[in-house]
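Single-structure report; data block below.
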């Protein structure tokens, strides 16, 4: 790794438009699951979330926690084990089934009448419900508001042209005194087309700043050997906490 790129104080890349026309279809995302191209999945869970989780939750109980584009995130079990209600949305039915299987959770499934072709998978314990549908169809379920959103791998996966629509969807799901936890990546977007797509701080402000206070909790070096194949020489991950203004 280039020594000049090792500092966490590196400036963000200035051209925020370079990836604006990049598009992945829902079918392409489903194919990633079928073909096992899910390097974005973290088998041990997200370490920054684990580090800060008790601070976020404090002594709260019975929170409604939303996981957009949840995949088979093990963190869903973390929240459920602490007595919170977890709702996720994922386009891949395979990813949802793998979650329940790998976490040794029995579940039921049923169609979502308001969204043709969609299903909801519910743990037998009742505190995890995963909706298999597009994130943009999800509000039609009238699921209500959430106390917390864990957005890791969602905003950075949404096609850049759909970001405003996505952000508006997230804002519509937030309840009072919410905590919106957001992870994004910094790298040179001229060298890698994404996903994950590059989301600079200014973009977060533009999308969510009218309603949210935006605070960067931590920035870490996330560069691994596998990222060399992306053509980049640095990758930073930033964890944000967004709260009600």
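Note that Cβ sites are derived from N, Cα and C of the backbone, with glycine treated the same way.
The S-adenosyl-L-methionine binding site feature in TrEMBL is assigned to 29-40, 69, 90, 134-135, 152. For residue 38 (S-adenosyl-L-methionine binding site), other Cβ atoms within 10 Å of its Cβ number 15.
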- Item | Spatial neighbours, same chain, of residue 69 (S-adenosyl-L-methionine binding site) - Cβ under 8 Å, 6+ residues apart | 89, 90, 91, 135, 153, 154, 157, 158
- Item | Residues near residue 29 (S-adenosyl-L-methionine binding site) in space but at least six apart in sequence (CB under 8 A) | 91, 92, 157
